[in-house]
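What TrEMBL records for 1-22 is signal peptide. What TrEMBL records for 24-145 is domain 'Bulb-type lectin'. According to TrEMBL, the domain 'EGF-like' annotation covers 277-315. If you look up TrEMBL, you'll see 335-416 marked as domain 'Apple'. Here TrEMBL flags 433-456 as transmembrane segment. Under the heading domain 'Protein kinase', TrEMBL lists 516-757. The ATP binding site annotation in TrEMBL covers Lys544.
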Amino acid sequence: MVSMDFLLRSLIFLLLSGQLFSSLDTIKPNQVFRYGDILISKNKTFAFGFFKPGSSVQSYLGIWYNKIPEKTFVWVANRDNPINNSSEVLLINRSGNLVLLDESRNVEVWSTNVSSKNSNIAQLLDSGNLVLMGQISKVVAWQSFDYPTDTLLPNMKIGIDLKTGLNRFITSWRSSDDPGTGKSIFRLDLSGSPQLVLCSGPTLVFRVAPWPWIWPFGDNAGMYKATFDNNKDEISQWFTMEDPSIVMHFMVDEIGSLKRLAWDDQSRQWNKFWSFPIDPCQEYGHCGAYASCTPGSKNSFVCTCLTGYKPKSPRDWYLRNGSDGCVRKRNLSMCGNGEGFVKVGHVKLPDTSVAQAWMGLNSEQCKQKCLRNCSCSAYSAIYTSERGNVCLLWFGELMDIVTYTDWGLDLHVRIDSIDLEKNEDFFLKKGKLVIPLLSVGMVSVLVVTILCIQLIKRRKYKVHRGQGEHKRASIISVALRCPKGISTPYNLQEGNSHVDLPVYDLRTIIEATNNFSSTNKLGQGGFGSVYKGQLPDGQEIAVKRLSKDSGQGPMEFANEMMLIIQLQHKNLVKLLGCCIHKEEKMLVYEYLPNKSLDTFLFDQSRNGYMSPEYAIFGKFSTKSDVFSFGVLLLEIISGKRNNFDFREDPSLNLIGYVWDLWREERALEIVEPSLKESLLSNEVLRCIHVGLLCVQDRAIDRPTMSDVVFMLGSNTSLPPPKQPAFFLSAPSDVDKWIIGAKQCSVNELTITHVNAR
């Protein structure tokens, strides 16, 4: 019969020899952990012990998922020092370190190698982290999370501990049979602004979008959350699970792939959510420097040079090899020479090893910081919920840009003045003050600004074959003459100006418009109304019928005809002819659908967008659209139209009202209330200042559009604005000319009928 004393002694022996470790999560001092023993975390999530991977005959000490039938290892202690038999032991030595000893117990195969005066214990946590900590103090002296192998678990950090200098990264296994350190490394690159990179040996293979990136590479469906920390103690990145029931990790393999895996209980296998790189655009530098890679089909070339750049090797580019990248189109200085930025949207930002980050700078401040440094090649202003405003500046080649359709950040690339003017982002955003180029009242301004219409030499029309029964054409000849002594700032000379244009009789126009029926009316402006009509041959027309009290006399009528004839472009409405009968004056245009003709013909004059030299003399120049731009800018800031009725002084229009406030240093009072809280006062004042410069009386005093762009995008001092045009409370040169011009008379207006050919 076995005595109770014998049983008790046997139980103590088994405990001390480590034979019951399979039910524990801790190794204590004086305990010996042998081959076949297992530590299991509290909730039985992870296990720790000796194992032989694949077909290997050598043994390793590591951690694996405990509940998953497919044995998956997440950490290996002695990955580069395997053991060849089953006699090695693991224990906590007198110095408090966890050590793996050979069969002689004299040679350390592996050790935690820390200095500790505490009596330590080793414990396997449910996070998969094996920690060495004080038995009483619980102060962690060492943890396996600081020495990862090929797997990144939740809460496991990648990056550097600035206090100890420890750099944490994951490296691939050499093979499925050998967990030794492989050639693929996934780490946090700390040169420049931090970014995660995947390398195969010394070669950079794949680069995660730099911080503040969208981690990790796409939609995570709320499964996990990424955190980046950059402080005096550490620069690191880690992720946590939003849904703890999901078993997921990242890993890197020997062929240079980064994978995200999640366990599926139903199929009882690891599902691969993605593996990078998976297409050419994800390969680092696939399109070289200053180029963007757009993922597409295998049959299309994915590389595109950035605005202002051209292929470095046109031959290779033609052969669809973009690895040499792009170079600047011209060797113009981009340092205080009118340069600016072009926005490239929805991109993975370029390699940040040549970038620096500043906290707390908004978009405009970020832009100015880049503009002031001639070495700055691009910037990106980003807002993050954790860190607020972040400004990234690049000081070198822009490498590894990828353009997407549904996610990404905005990159602003520095380009020279020539490409800046050509770019469609010619009108820049100013904070939240967006210039709405496509507003109805600016359709004509948009056309002349973008297309840079040039006045061409006046041309005589061929004799026009009449419509329907009208087989005769007419030539209208207008000559204007003004008395001597009238001051004309635009130097209108005495003499004749001839316009050759087909003339329609009044009966034809009445029939075409159904006697100017209200159902045919397209719109109404300051000079009259516009009606839709149809000629006997079916051609649709739009008739601008000048009101008798419009203030547009024969001179303005002739000027408008002259201007429309001279401005020839596919995006400008075409003048077909005119109709003059006693007091009736009408212009016949081609019909444009969607009831838009009233916009083309009247919105500028009605709202005051029309420059004085155009409104009075029909003279159009590049300074005319500058004036229109200035009016629109002031309208956006104030939220009021130029023809708004100001109760304080009904004689003032918007321009005059802003001018009065500017002179009294009260210009901020004009700002739309909804904008006041979201805009910086100095930025608003600068916009108002630029707007007043654009609407100055004399065209020669106004800046060019390239000057306007530079003024809005810099902090350089601005010249004081002079009195604007159409300022009603104090007559300007233009106002005086309007008064004097009333003395001008039509010297000759003749209509000559010519037989049709």
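Note that Cβ sites are derived from N, Cα and C of the backbone, with glycine treated the same way.
All annotation found in TrEMBL is predicted automatically rather than curated by experts.
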The residue listed as 'ATP binding site' CB neighbourhood, other CB atoms within 10 A: 26
For the domain 'EGF-like' (277-315), distant same-chain residues with Cβ under 8 A (at least six beyond the ends): 197, 204-207, 257, 321-329, 342, 344, 347, 397-404, 413, 415-416, 419, 423
Within the domain 'EGF-like' (277-315), residues counted as helix, strand or coil by DSSP: 5 helix, 10 strand, 24 coil
Confidence summary (mean pLDDT) of the domain 'Bulb-type lectin' (24-145): 93
